[in-house]
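Noted in TrEMBL for the protein shown:
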DOMAIN    6-72  domain 'DNA polymerase alpha subunit B N-terminal'
REGION    114-166  region 'Disordered'
COMPBIAS  114-132  compositional bias 'Polar residues'
COMPBIAS  143-160  compositional bias 'Low complexity'
DOMAIN    219-324  domain 'DNA polymerase alpha subunit B OB'
DOMAIN    346-553  domain 'DNA polymerase alpha/delta/epsilon subunit B'
Amino acid sequence: MAVSAERLLEELQIFGLDCEEALSEKLVELCALSGQDEEGLVSELVAFCTSKQKVSLTAEILGSFEYELLSKRTSRTKAGHGASRDGGHAGARDIVSIQELIEVEEEEENLLNAYTTPSKGSQKRAVTTPETPLTKRRVSTRSPHQLLSPSSFSPSATPSQKYASRNNRGEVVVSFGSAQGVSWSGSRGAGNVSVKVLGCPEPLTGSYKSMFQKLPDIREVLTCRIEELGSELKEHYRIEAFAPVLAPAQEPVTLLGQIGCDSNGKLNSKSVILEGDREHSSGAQIPVDLSELEEYSLFPGQIVLMEGTNTTGRKFVATKLYEGLLLPFYQPSEEEEDGGSEQTMVLLACGPFTTSDSITYDPLLDLIAVINRDRPDVCILFGPFLDAKHEQVESCLLTSPFEDVFKQCLRTIIEGTQSSGSNLVFIPSLRDVHHEPTYPQPPFSCPELPPEDRKRVQFVSEPCSLMVNGVVFGLTSTDLLFHMGAEEISSSSGPSDRFSRILKHILTQRSYYPLYPPQEDVAIDYEHFYAYAQLPVTPDVLVVPSELKYFVKDVLGCVCVNPGRLTKGQVGGTFGRLSLRRQAASASRRSPCVAAQVVRI
């Protein structure tokens, strides 16, 4: 298996991990030692550096990683030999397995006792030794009016030492616009801010049945998107007609289609295919030669317009790639312009709201303190609120149902911020363990929300287009930057910013998730995707939280923000804040985002 040092360095750059060029040979050696390709080794290396809170790769860190890699390999080998010696024996059972057996026995006894006359001495004493703690059925219920009490749902609610010992609280790590003189505090109050959801034509408001879609239905959605974008591109660039993808052509022709990969592997410059539209090409596919293109940026699922030649009908040689088109920006009414002339402060925070080594929600409590101090007009909070990837969730160590833990967390946020008067907007995540994991996600359901809080609390879907005082926000909690960054290929004659390219794709493809096929952990219902995951207009502000490095960028007139996550492993993360002021109507559009910052919690 040939391993490329350049490919390794490119993969590291995707995750923002700096690496000395002198270490590239060592990385190639580790690939051969572990038997992995570039992507597999970099994935393990990024996970290792994240756990050690390292942002750059040095010889010392690489030595530690090599030692851990060899240790894991040795332990797997020993485990394999042990399993082969044991043969069909199950081996020693752990404490959790023993506890499960005891529960099963208790249930069988209770079932038998239901059909017999209970005797005086037949009651079984509860097993409460230190090795076998009380089961969930014996845990006493807590008061529903109680605020966040981690000890009520976790037996090991110990605060994170690394998080508590951080020394960079409140540090501004990114600034955008004219931040000087901006007051980072709200002044309107919840009753004076207009917050409403935009839909295409209606927003997603409730749950729906999933897992019933058929392949023809998926193809119908993809075809409709190709035809809709194709017709607008055709009109804008004044193209007479599209040619079939398989028709031989000695003269330059223009093709419409969707980018795909010729195999199940990762897209590269040699594996690009173009799947034509239904009207002109009947969905036929043709390999694409990109060697004649000076610049390009492509990803699977991208709808493109290409010009080139197809001399044999078997391969299309692309010579020109047409630029995608933006939707128009939202034009506020006169009333919205009058109401938007004052400053509006918006706070953005994305989960997880706990550190990976604790379930105490200390970062969330610190965020509530920031909200009460700054009193932002609107707080937009992205999930996960109870992370499916948290080690206590994965290990089934919580003693309360996931839904109860989430409701306790939700009640803490709502009651804890009452004094601030801020509007609260909650957006679910595919990593919320208690919520429906299909994309697009319906809003959280909270029928027990007190009447006095309903005016300032809003639950919206994932993804969502939200209007705040005439300023349109595009919101998604799915890590689209990470997903598309791993699949996108590009070539450029000069310096090029990967984040800007991906954000430009999102805006010009007019979709909150233009990647197809999606990542394995994203289950898309395409019927609802077509109805609820498209951009109704080009947003003034696009918020795309990601594991990748935080930023604030102006892309094609849209201010794009990655506020980061509130926690990064065992340490504190970041949140974002925006200062908005709708400008007076003029010939040239001006962004309503006056200033933006990313701040450490």
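The backbone N, Cα and C atoms fix where each Cβ goes, glycine too.
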Legend entry - DSSP-assigned states of the domain 'DNA polymerase alpha subunit B N-terminal' (6-72) in counts, ordered helix, strand, coil: 51 helix, 4 strand, 12 coil
Legend entry - Helix, strand and coil counts within the domain 'DNA polymerase alpha subunit B OB' (219-324) (DSSP): 23 helix, 40 strand, 43 coil
Legend entry - Local confidence of the domain 'DNA polymerase alpha/delta/epsilon subunit B' (346-553) - pLDDT mean: 94
